[in-house]
Amino acid sequence: MEDFEKIEKIGEGTYGVVYKGRNRLTGQIVAMKKIRLESDDEGVPSTAIREISLLKELKHENIVCLEDVLMEENRIYLIFEFLSMDLKKYMDSLPVDKHMESELVRSYLYQITSAILFCHRRRVLHRDLKPQNLLIDKSGLIKVADFGLGRSFGIPVRIYTHEIVTLWYRAPEVLLGSPRYSCPVDIWSIGCIFAEMATRKPLFQGDSEIDQLFRMFRILKTPTEDIWPGVTSLPDYKNTFPCWSTNQLTNQLKNLDANGIDLIQKMLIYDPVHRISAKDILEHPYFNGFQSGLVRN
């Protein structure tokens, strides 16, 4: 640890405090994620070991790089490359009447999806995608951070706990208690983020799990066996759910062109089996004519 110094606290991560720091040897500015260990007996928590092992495997230009792992007494520090801005802060910093440039939205969506495709091909889910853990720099690069809740998945997909994704970006199969889920949970989250970039407003701002579901149902209509076979058998599905019968999504997306709307509709398909894949997102007509170079924000 003597090679690093803390400069200031910059936030609370999933497992502990995050500091801006400096490498004393190179002068490089870094992000230091401190994970407190409960006691000396327990050693490094399995959650941290999982995060470390994942991040060391995931080397990609759109994934935050883990530089080093350090132990100090009953603490572990994860040393990451430092980016000072995240997508939420960036959107919040724009004037109220200003929308993100459409080319920047396309560029960010392409980069985020490229990172997630890279993960999905390695059998890794992120499971906690949200604007707060998408870090950006001035050159137009966006990187996915905080794989704290990511986990390698095998085939068949294991039964997971379902407390994972921040409420507003949480997939319906998770909210309805599905014991098995896979890559489509990340696609749903990206669809919500895409809509938020295009409109400056979160699409489904629920304040409880049931409120979150009802907000989805109001906009996308209440799912039925016809559009989502098996939905009524999910543990938290109730026959008493209100029945909204029209899809209002297009009304929420006034700033998007027809290809953009079509892509979001495919990302927000209720049935995970039919939700678009990361690979197919990148090949969608929304990206026709798009040069995958960076767009300055």
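Yeah, the Cβs are placed from backbone N, Cα and C, and that goes for glycine too.
Now, the feature entries from Swiss-Prot:
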ACT_SITE  ASP128  active site, proton acceptor
BINDING   ILE10, GLY11, GLU12, GLY13, THR14, TYR15, GLY16, VAL17, VAL18, LYS33  ATP binding site
DOMAIN    4-287  domain 'Protein kinase'
MOD_RES   THR14  phosphothreonine
MOD_RES   TYR15  phosphotyrosine
MOD_RES   TYR160  phosphotyrosine
MOD_RES   THR161  phosphothreonine
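When the alpha carbons of ASP128 (active site, proton acceptor) and ILE10 (ATP binding site) are compared, the span between them is 20 angstrom.
Listed in sequence order, LYS9, ILE10, GLY11, GLU12, ALA31, MET32, LYS33, LYS34 are the same-chain residues at least 6 apart in sequence whose CB falls under 8 Å from the CB of VAL18 (ATP binding site). In the predicted structure, the domain 'Protein kinase' (4-287) carries a mean pLDDT of 88. Taking each of the recorded positions GLU12, ASP128 in turn and counting other Cβ atoms within 10 Å of its Cβ gives the largest count for ASP128. Over all protein chains present, the Cβ of GLY16 (ATP binding site) has 19 other Cβ atoms lying within 10 Å. ILE10 (ATP binding site): 15 other CB atoms within 10 A of its CB, across all protein chains.
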